[in-house]
Amino acid sequence: MPPKVASETGKKLLLLLDRRDWKQDIDYILKVINFQPDLKVHDKGGNTGLHLAAQWSDSQPLVEALLSAGANPNARNKDDETPLHKAVQGREKCGIVSALLLGGADPNLADRRGSPPLHYVRPDDCETIKLLLEGGADVQARNHAGQDWLFMTTVTGFHVDEENWLRPIMDAGCHVSTVDCQGRTLLHELFTQDTLPKERIQYLLDAGVDPRQRDYHGNTILHEIVSSDVYNMGGHGNERLLRARYASDLGLNVDTPNNKRRAPLHIQSGMGHPGGSGVSDATCLRWMLNKSKDTNARDCEGATPLHLASLASQSSVYELLKAGADALIPTYEGLTAFHLAARARQSNIVGMLIEHFQKSPGIDRGTWLDVQDDQGWTPLHYACRSGRPESVKLLLDAGAKLAVLEFDRQPDLGAPGPSGRNPFQVCADFEDEQELWATSRYQRALETDIRDIEPTRFYAADTKIAGGDRPFDATSRKRTRETGFGEHDSTRLEEIIDVMASHSLRTSDWHSRAGGDIARIQINAHKNDHQYTLSCAFNALESSNKLLTTRQEWLEAEVRKPLKHRDYALSVAIESKQDGDQDIDLFVKSLKERHYHLAQKYVELFPNGFHVATKEGGNGKSTLHLLATHGFDRLLQTTGKTTAEHEFKHGRWCSAKDRSKPGLGHCNIPLEPTLEPLLYLACKRHLPNMEVIKVLVEDLDVNVNGKTWRIEEDGSSDQEARGGYFVLHHLALGTHWWHVAQAIRYLVVDAGADLEAQNGMGETPLLCAARSKQVFHSESVRLLLDLGADVDAVDKAGESFMSLVAGDKELADMLVSRDATTPGMIVANRRGASSEVPRDGGNVSEEVEDVDLDLFGEP
């Protein structure tokens, strides 16, 4: 047969064999095989006709015909699978396996994972096992992860007869003492599976597997449990806790360190929380803290659990501080939790630590706020380098010093001042810091599946000064993938330089301090080709009317030209757009590349700030919504006023308080259903967003009592009925520190938000707070009571505040405590004295005693 005809016939054969209804054409397929097609032809996955035939049950006649026609029984597809790999996966295919082995198939060829066909055989498929063993299959073969047949069977988790699942494998020569290439035992693996079958675990224990055995990294089963993806486990939100308690019952200790000197408590403290605020993890951490004898244990770098928590988790920091963890302990390089939180761009945690120390009398400010690490950096140094204005403002408001210099630095060429840099001058390193985030796990996970990068959800990163890795941020990753713009795209220097200069001006002469600082930023930025930083420094000098020195004039001439070229293409693209031809991707790009003057120009060209994006970059967001969501208060102030005046002129929007004036508080036309109220979106931000809220309330006159028109996702099964939240309802949940510490009081006291507003279920903010399970919900309840919330409020289901408190030990303890001094607290305390509120305390382990401990039910 001519090669071209043979090739075409081979392609036709592939199409026939890849159909589920191939049996209807079996006679025709056999004729095609007899027609001598090219049997080397393969599909896009590298599968030959023999691969495709071997995957089906009852296809033995086709397999035998293909082998007789000369098909290669050891051909590999793109995953390095042979036809025998396909044949062993399934039931009632012994005839196919036998035909392949008789035809010359090698039972020990491995796929791309390093696994031979035997690794994929169900342990109850005794006939196939027998055929492979008689054909020479090596029962001791291991894949690239060091897993043998027994380990692979455990990994795949076949649900077979529990009593006999190991018998054929053991009879073939495997042993329960097997470990993978990391030294993990079968128990390590079983404790991370979707289900936890009691019979298998007990069989291994009875067979002599030691539950306290560590892997080659020193990790126990408990390390494995707390580092596993709880969202990949079956069961309820307390799954991690249940498994940890079961391991504890087997003799595992939460304080047992691994080779890095990290105990399970360290690992649990550094866990991140994709899609939530870590409520279930907080429950597990509380249990571990109750079990631990040393909450300040240090790993090989000197990091305590609080150090790791400060990189990744508000809820873990909250629990650790409440349990008495010492926030003053430094690492072996002098880094405190404060330093690490500022470097990790964790503004909420920075605020939490400030609040913690301010409530701790007798601690000198210099020991926590201005403490220097081994290179002389304070938390403010790291905050300035991070580009997170929210962290810098929190530290400055707390009284952080600007004059603290780093240690042992060589003088920069031509730079004024002493050799070491103060926090202000460290702004010159912002683009270096941004590059670290761009090459960290955070950025890599934007481009692939999260479990390929961070399957364990241990989001904490380096705790060393020179460490280049940065924490994984699931919240920002999700936002980035949804809208094309995340929180790490909102880091910037403009506000930092301005607020630092303003503080410097109040404490020293501008020319001798702030002007010199900016000059030094310019020189370092120019030396490292940091054009954005240079632009910020020049703009700061211009806005201050500071006369340029001769050297700065030279820099101005040298640098201004490339700075203009930096944004030329984007500027032309924006200006080329005509009215009605909006492209919000250009607006998003101007924000991501930090051309904020071009973002302003875009809004001037398209003043309809509520125009909804239809392209990928905006994903249903408007320009104003993007600014409010990501904390761009200055841009929002200017662009919001432009939009308000434009919309008022066209009769669409007006002030909430005075409809004869421009504002964004009342809309006279139907809005896009994808848009949320600006104030609501601003309050949903996980980073502190008070500056945006103040702009919305004080400058743009939004309605502080406006309802949402989308459903609030609060975990309820009746989400439809819970629609129509007010901003205060969302804040009252206590999801993030700043919601309770900053936003609620401002909106109620200063902006006049209705403390008794009811959502679709008739809940007031106080009832939402009492029902919430979020980290700061008890602080939210305390604050709302302090502000005078009505303790007699009842929702549509008849639930009262006191009935909700009766089911929450933490709130009940708060109400019967002696510090109930405000009117709302006094009333609640008086009600709490009734039998409705439990008074018998109990510890944290008792708190979870009622959790169902049946871990072994199959789905």
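Cβ coordinates are placed from backbone N, Cα and C, and glycine is handled just like the others.
Between the stretches 454-482, 831-859, TrEMBL puts its region 'Disordered' entry on 831-859. Residue counts for the repeat 'ANK' (45-78) by DSSP state, with H, G and I taken as helix and E and B as strand, are 15 helix, 0 strand, 19 coil.
The average pLDDT computed over the repeat 'ANK' (761-796) stands at 93. Break the repeat 'ANK' (761-796) down by DSSP state and the numbers are 17 helix, 1 strand, 18 coil.
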